[in-house]
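Written out below as structure tokens is the structure these notes cover.
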């Protein structure tokens, strides 16, 4: 296993195999971590009020914002580092250079770029936290330990950024198993720390001073959240560093320090006295990073803009309700869609570092199959989600939430999930194949979409008083615009590969399934409506199984082809 992890995947078959296997690892990791956080939230939700969930969601938003702006552009850009040559040299013979030293220089290039997130994140975290601290509700500032909680959140950001060089290397080598394992351990540790502190205070067994009032308990609940985040970051760094000491340092594959890289021009490669230069950052990757960073700024404003809006236009209680919706409503998105989206992005970025026709056509084939899967699953969500979601959610939340509108709002949120998911894979494809100029053009459109999103949110929340439902509708409009933009790009890209053939032509055979889904939906609403008891829920499960059976029969050839390919791949491994 260690040997496999130390090899850079080079052929399209190797990259596809690691990516499909990696998607499974990420899904299992997501399933485990979300199961742990799911259990924790269900335990904590009976101790904590919506107000506390609102402020912890706000603190998590600050942490997520700093980490996103610090590292995501680098994570995307380093995937485009070519592993097919590029004139990186050493003084050893050519064979040894190709096998060992070249790989070392490629990984060192990635490590050098991994320093940039820390340089961005350190000042950004201080500035953003200082700015947001002045805007926090005065009630929370007066809570015990609140300033300590803010400091611990900042410290967790810094510690997590220190693990970035190790993450970048494992990402570039498509070592999904290590990453999934380390993140699972870190999340579990953070959740355990969080729960132990809250539970101990509630039981008053290990009080910090004299904990008698609700204010004291709320202050410690926020402190527990911050301690959990810090424990998560420290554990993640420790796991990655242990992996480095075990698998990388003995082989001297790269240095954790910023290191100059020697290169020579390709046209000088065959001469006896090659002209060599040195650099810290590969120029084409650095230029791509700048353009991607600009684009991601607007993408994050749109992706996380709902939190900005809800912090400005909604009460703390409504913020807590929306945080609960995000946790439960998007559970499927984070467990299934997010790992697939990330695996697709990594797969495409590595595959298309060499733009040959075979790789380009393979990328389209993978995207078409994923899109078909997403459309089927989205149909299931739209047909059965609104009717069943509130029935399932009421068993997971405590009495403190029974007087809120969360059971009604979750039904609206179900319509948002398909748009969120489809946009994820479309933008993953766009970011992987687009040139720097195309990404820059996309950034300008994202700027316009940001303005439309803010305007829609203001109209629907502030003027029409739709509260959280208005925010969800604004998000749906936002996703539709982004899907349309990437859809036009995909269609043009498809026509260049397959002359006079539309990308959307691959989805013309959905008529039967859509009619069946619509019929089931109408019957379900006519005879049952919103599910209120177990008997009605069982009927919906039977309806869902019938629709799923129809989908499986319709796609039986594709499924059989995939199984055959996996069997051939496994036989080669043996």
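Using the three backbone atoms N, Cα and C, a Cβ is placed for every residue, glycine included.
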Range among 90-110, 111-131 that Swiss-Prot annotates as transmembrane segment:
111-131
In Swiss-Prot, is the topological domain of residue 437 the same as that of residue 506, meaning both on one side of the membrane?
yes
Can you check which of 342-362, 510-530 Swiss-Prot lists as transmembrane segment?
510-530
Residues flagged as transmembrane segment in Swiss-Prot, choosing from 149-169, 254-274:
149-169
Secondary structure content, the topological domain 'Lumenal' (465-469) (per DSSP, counts of residues):
3 helix, 0 strand, 2 coil
Could you give the number of helix, strand and coil residues in the topological domain 'Cytoplasmic' (435-443) as assigned by DSSP?
8 helix, 0 strand, 1 coil
Contact between the transmembrane segment (470-490) and the transmembrane segment (414-434) (3 or more Cβ pairs under 8 Å, separation 6+):
yes
Can you break down the topological domain 'Cytoplasmic' (341-372) into helix, strand and coil residue counts using DSSP?
27 helix, 0 strand, 5 coil
Over the span of the topological domain 'Cytoplasmic' (491-509), count residues by DSSP class, listing helix, strand and coil in order.
12 helix, 0 strand, 7 coil
